[in-house]
């Protein structure tokens, strides 16, 4: 009887394994339709309140997950067979290689190295496959809950800040590096008023709590208080902005950006002079806000100080000093005489003006890079964002350490908190906008594709909880602001 050579035996084993593998895949594919039909029958027989379209989508997604894990299981079996074959071959070669005898320790080390490489390959394949499934599932649900409603296009340069009026009529305000501030109709996207009183970049805009008056901060080292009168146009039917094509995360060149005058902002009424100009700073005024009641305002500057002014007299009431580097933002409490300022010195400070005779200050240290913003919630919390890619939630009664920390993959800009539902909106340098709850749980990411979402850095977010159409606004350095409809009950239920 002829003796089978080693090479022939190896070839036959490989052929048998390929045949077994193909049979396994064939059996898997042939049973997929039977399983899918069985699952549909089971779902149809159950009493469910879900719409049929949603149930079918879930069924397809879970079917994809099952198929992926089946493929991973088959690959795992194949890798185990390869490991056994490799160990057998190494054991055979260990008798003599280049005339030298291998010790058992050397053979064990070599086999262990090869096994670890195969194990790492299996882990990488598993992680990539499951991450892709989970990401696609989250994207689908996020798009259904977070929908783009309106784009506000008209600025000639990037938009630094966005704000919503607190009085009727409710309008949207944007502050831009093109030296202007624009007021918009939320429903129609039409520009209503243009303010051109500054000679530098407009870095911030905030509305008076009870009057049609706006407060803007500028790179010309001043803050302006100016009055506006608007009449809202009749709402027109809007096109469906949710029908998008193409894959998510599509890169877009600068030539695809808005032209700046596309919506006729140059044709709207213009306000050229302020009621009051606040001029005590020696550097860029990066932010400003109204104290509760609207009789005082606070400004934050690159001259490392924050100033408190009396609105009626325009006089400087207090100069708030203590930060070691330029200030980046300031924010006031909605119901109390509290001010929080953030700085490039990695800290933010809480200033208390509730007692006229005492002006206390508390320093919060917890970030390792520039604190880009810090904002109040209705309760006793402050939320801070930083270039160190973290967002921290603080208790004002205990400033030693944060009660929650959110870690992200990009620097965080001017954040905002949905007061009623306690949802934090995070604008990022990487063009993303993410939503978290106060405990640090991620709720959603606003959709980004080649037709919707920001194309450059997102600078600011602002909530408008009571508006029936848009309850979240974002702005970025792609020269546009965007109004979003966030289905908050569905978002919280999904969590």
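Placed from the backbone N, Cα and C atoms, the Cβ positions cover glycine too.
Positions annotated as region 'Disordered' by TrEMBL: 1-36 (among others).
Per TrEMBL, compositional bias 'Polar residues' is recorded for 22-31.
As annotated by TrEMBL, coiled coil applies to 69-96.
Look at TrEMBL and you will find 152-194 (among others) tagged as repeat 'WD'. Beyond its flanks by at least six residues, the repeat 'WD' (152-194) meets 200-212, 214, 216-218, 228-236, 238, 258, 260-271, 287, 414, 456-457, 459-464, 467, 469-470, 473-483 of its own chain at Cβ-Cβ distances under 8 Å.
Across the residues of the repeat 'WD' (195-226), the predicted structure has a mean pLDDT of 98. Annotation source TrEMBL lists repeat 'WD' at 195-226 (among others).
For 237-270 (among others), the entry in TrEMBL reads region 'Disordered'.
If you look up TrEMBL, you'll see 246-264 marked as compositional bias 'Acidic residues'.
Taken from TrEMBL, the feature repeat 'WD' applies to 278-319 (among others).
Counting residues 6+ beyond its ends, the repeat 'WD' (320-361) has Cβ neighbours under 8 Å at 283, 286-292, 298-308, 367-376, 378, 382, 384, 386, 388, 396, 399, 414, 419 in the same chain. Marked as repeat 'WD' by TrEMBL: 320-361 (among others).
Residues 328-329, 331-335, 338, 340-344, 346-350, 410-417, 419, 422, 424, 426, 436, 438-440 of the same chain lie 6+ residues outside the repeat 'WD' (364-404) yet bring a C-beta within less than 8 angstroms of a C-beta in it. What TrEMBL records for 364-404 (among others) is repeat 'WD'.
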Beyond the flanks of the repeat 'WD' (195-226) by at least 6 residues, Cβ under 8 Å: 157, 160-167, 173-183, 270-279, 281-290, 292-294, 297, 299-301, 309, 311
Helix-strand-coil residue split for the repeat 'WD' (320-361), DSSP-based: 0 helix, 26 strand, 16 coil
